[in-house]
Amino acid sequence: MNATPGAAPDAGSDPAPGLAPDPGPDPAPGPAPDPALSPTSGPAPGSVRDGVPGDPVAALVGRQIRQALRTVGAVAALLAGPPVLAMWVPDPRAWVVLSLVVQGVWVGLAVLQLRRAERMER
Amino acid sequence: MNVAVLTGIAFVLVLGVMAGAARPRRVSGVLVAARGVPPWWNGAAISSEFTSAAACLGTAGLIATHGSPMLWYPTGAAAGFVVILALVVAPLRRSGTYTLPGFAEWRLRSARLRRLTTCCVLVVGLAFMVAQLHAAGVVVRLLTGLPPWLGWAAVAAAALAVAVGGGLGSVTSVQAAQFWLKLIVFLGVGIVCWWLAEEGAVAWFEGAYRGGGAGLAGAGDPSLPGVLAVLLACALGTMGLPHVIMRVHTDRDGHAARRSMVATQAMLAAFCVVPPLYGLMGHARLRGAAADEIVLLLPARLFPGATGEVLTGLLAAGAFAAFLATAAGVLAAVGGALSARASRAGARSFRAAVVAVLAAALGLTAVTAPGASVALVLLGLSLSAATFCPLLVLGIWWRRLTDAGAAAGIVLGGGSTAVLVIGEQTGVRMGALTSCPAPVAVPVAFATMVLVSLATPGRTPRDVGRMMARMHLPEHLAGPLTYRSSHRDDR
């Protein structure tokens, strides 16, 4: 139960300044927050059902918010990154292509977030 | 040109109303969205309500008139749905509340907070409605020469028929069909123009930021800080749009809600080709026109004669599908929020609320001058980012949030947004970052909510642990205590 209140204020205030040019202090601002997650998402889903000491709801909430913040951090980086990088690329074709590529990346990111969130709830 | 355009517009309006009104009018179906809509279908409905006049006409026009920095606006608009998916959608669906005021009252046990959030929902909804009505007026005046109020009246009447006749359940089917219509029309006509047009139809503008005048709420600011501020407002504001939030409850459960967000994301990605496509062609041929008019003027400019007229008629039909989709969705969502606020809610108070909201929107449209639709939509997004975004994020993830904290955050966030926008409009310049109010107002709202909540620990709802379990435990693990039918007082 104690893990949540500590983590959540960051949860709230992070995404806001995180979208400014520097992507913020999130754990994985890059587009591939893969390796850190797979071990944490797997373990003991049964604990939610069994009601083991240490409040399973808070544990699940903690895992979910960490995953959600990774995704939001990636969104912040990908949202602010391309417009900033484009400053040094005067070719307009690159701007158009980049803006379309980012749209594709959102779909990929959404699928990734969906899979991870569902795996934690299994 | 009149015949093709009027035929197209009439076709869409009649089709929309028929599809909407043909559904059964059960009382429960009026407000409660028809449960168990497949994610793909609901995703199309969400995309349909989201791709309003601003997305179909306004963004392309801004790209044509303001150049390359506007290319990033569509990416910001779509990013909002990744944020919703990560932070909001499944817990909100599982909470069983399906309006923002309903969520605020359930989570923080405060009827006053419900009233406050209802006011915010009303303002955000009206900004969207007025944008659609003005755009409809512009289209009618531009293409047929008839007075603009005919366009307002057509959209208002059709939206009223859809919202009152069928409620949210039928709106889903109308919306989903209209999304495919819009996608096919705008993409198809755009590609036809691109291929058939002779040399010189496309102008590649210079890829650069520059200083420049910003419109209402920072729309069209071509400087890098201005663009980033708008992107922030889009990414965080989408989660508070009443018509998007209401759609979440058309899904069967939290899993389905997440999946429909992914479907929305995929469909928006398909639609996002439209603004740059028309923007580039418009930049070459129609640099002097107003932003919202460029898309519609393009086919006739490229192909004088019958081809241009038919293509223009198709685009007008698509544009009216966009106005109708957003107007009906916002109307149903805001009407639902307002009527649930009345003590004895039901089909009758829902209909009364819908009529009242529509009358207010028409009145506002009549007394304001038509501007760029993107600016009004951005105003709604900025306000939503500074009020509903902190309320939803902290309410879902932080158990120490209190009603006093939430109210203070909403008042300060919404207030600073209003001050910045009014200051900007009256000519007070406060630096580049304040052209769009979100970078100032969103941190203010978050900080206020956290600090005031920490200062009022005694006001945390007593059963917050049960609420957290209800929001976060997946359905198959939840016991009978956390069943998730909608609240009776939400109905």
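Each Cβ is built from the backbone N, Cα and C atoms, and glycine gets one as well.
Per TrEMBL, transmembrane segment is recorded for B:71-92, B:113-137, B:149-172, B:179-197, B:226-248, B:260-278, B:314-338, B:350-369, B:375-397, B:404-423, B:438-458.
A contact between the transmembrane segment (B:113-137) and the transmembrane segment (B:350-369) is present, since 3 or more of their C-beta pairs, 6 or more residues apart, lie under 8 Å.
At the 8 Å Cβ threshold, with sequence separation of at least 6, the transmembrane segment (B:179-197) lacks contact with the transmembrane segment (B:350-369), having fewer than 3 such pairs. No contact links the transmembrane segment (B:226-248) to the transmembrane segment (B:404-423), because fewer than 3 Cβ pairs that are 6 or more residues apart lie under 8 A. Put simply, of B:71-92, B:260-278, B:314-338, B:375-397, the stretch with the most CB pairs closer than 8 A to the transmembrane segment (B:404-423) is B:375-397.
Counting same-chain residues at least six beyond the ends of the transmembrane segment (B:314-338), those with a Cβ under 8 angstroms from any Cβ of the stretch are 5, 8-9, 11-13, 16, 20, 31, 45, 48-53, 55-57, 98-102, 118, 121-122, 125-126, 128-129, 132-133, 135-136, 139, 143, 154-156, 158-160, 162-163, 167-168, 171, 174-175, 178-179, 181-182, 185-186, 188-189, 242-243, 245-247, 295-296, 299, 350-351, 353-354, 356-358. Contact between the transmembrane segment (B:260-278) and the transmembrane segment (B:71-92) is supported by 3 or more Cβ pairs under 8 Å, counting only residues 6 or more apart in sequence.
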